[in-house]
Amino acid sequence: MRKLNPALEFRDFIQVLKDEDDLIEITEEIDPNLEVGAIMRKAYESHLPAPLFKNLKGASKDLFSILGCPAGLRSKEKGDHGRIAHHLGLDPKTTIKEIIDYLLECKEKEPLPPITVPVSSAPCKTHILSEEKIHLQSLPTPYLHVSDGGKYLQTYGMWILQTPDKKWTNWSIARGMVVDDKHITGLVIKPQHIRQIADSWAAIGKANEIPFALCFGVPPAAILVSSMPIPEGVSESDYVGAILGESVPVVKCETNDLMVPATSEMVFEGTLSLTDTHLEGPFGEMHGYVFKSQGHPCPLYTVKAMSYRDNAILPVSNPGLCTDETHTLIGSLVATEAKELAIESGLPILDAFMPYEAQALWLILKVDLKGLQALKTTPEEFCKKVGDIYFRTKVGFIVHEIILVADDIDIFNFKEVIWAYVTRHTPVADQMAFDDVTSFPLAPFVSQSSRSKTMKGGKCVTNCIFRQQYERSFDYITCNFEKGYPKGLVDKVNENWKRYGYK
């Protein structure tokens, strides 16, 4: 029997989830109009198995089933970050800290560019539709939230764009809404790389004929990396190869020269226009809101060809209150880049994380106190240095508050983070504002305020390290069970717990 490779093969990923009892195959007819979304939200919020909708109302034989919650959390007994771990081919019990550190280790590996395979070895080419045969509105595309502006086909697929000189190929995730039978509209915003590449076409007079591909069911490692804010000019495909330890098989598109993962479930291709726009949104996003009737003109994608596998499967993310892919992937992957940036910048940072409970708006940095004291700096100087490093780079684009904590805090435990936050900083006095940096337009307090016109500021660094800790060790007792009593006594209590009468 062939060994499953869930990081490279999307269908192997699904099989692994099934083998681990982390998949519910729903054969009852389900309506893609809100019912799919409702089931997904309940599964996310209860850390339940991923739903595979095999009988969607309005679906044809091969187009399509839906896999929901592909990177949602699951029960701790199964490894709560198991689905994310499987995206990388790691043990399902791998912790999020270990996942972040593994991604950093992979950056030291030799990049492996994709390998071109013949059409006969590309399952995504099983069925091919030309432009006149494409009817996007006939697909069972989910309408995910009440008051969304439309049906969102693209929530967990991968856009592929390439600069005109072909030196930089970008794989990325950005939402996409069906407009009509031939068109999709979606976010193409600065400073995201998809916009930078689109602008490079505009610079040569081709703003309305930018080649694109939109791929679904790509290698899970690829969809994970496409969420990362990696440096400008770096092609994600080579880094994916380093993670996998092998090159991603790719095949040429039907209507342009872009190369797409050969095992993709579905591939839509055509041209993007920055000059032709359509109202996009609103959409229930990563911060947990749909703001009714608040759409915006966005660039238009014209679909000119479509290819797909037998019994194609569409992976779907349904953003909202934590925890879903916009937190588990985007948040943790930004944290990975944040930790690397700290290392490159010489900051005494031990770990970085974006706690899910903060809806991907907070970045927590765990500071090595001995390293901090060696800098002979002040809280004010250090906060400014940290803010200048992060808020002026793409890594800090979605972040609105950076929180500095001491090295006694487990930043992957939100209970400890919020304890440090509320007890170790004085509001305003220990917060340094950065009013000249770019705001994140999707943050609700930006989009629903006058700041939406300037797109500046609303960001700060919060110092949750006691001032004296910048100069010397500062002893205090944490008043909890694990840290507040001698280890021998803690062990004794744990050993005798059932004898005391507890279960």
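From the backbone N, Cα and C atoms, a Cβ is placed for every residue, glycine too.
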Inset, instruction - Select one of GLU131, GLU236, GLU344: the residue that Swiss-Prot places in the prenylated FMN site alongside ASN170, TRP171, SER172, ILE173, ALA174, ARG175, GLN192, HIS193, LYS394. - result: GLU236
Inset, instruction - Rank the binding-site residues SER172, GLU236 by the number of other Cβ atoms within 10 Å of each Cβ and report the first-ranked residue. - result: GLU236
Inset, instruction - Counting Cβ neighbours within 10 Å across all chains shown, tell me which of the binding-site residues ASN170, GLN192 comes out on top. - result: ASN170
Legend entry - Integer Cα-Cα distance in angstrom, GLN192 (prenylated FMN binding site) to GLU236 (Mn(2+) binding site): 14
Legend entry - Chain-internal residues near ALA174 (prenylated FMN binding site), provided their CB is under 8 angstroms and they sit 6+ positions away: GLN154, TRP159, GLY186, LEU187, VAL188, GLN192, ILE194
Inset, instruction - Could you measure between ASN170 (Mn(2+) binding site) and GLU285 (active site, proton donor) for me? Cα positions, answer in whole angstrom. - result: 23
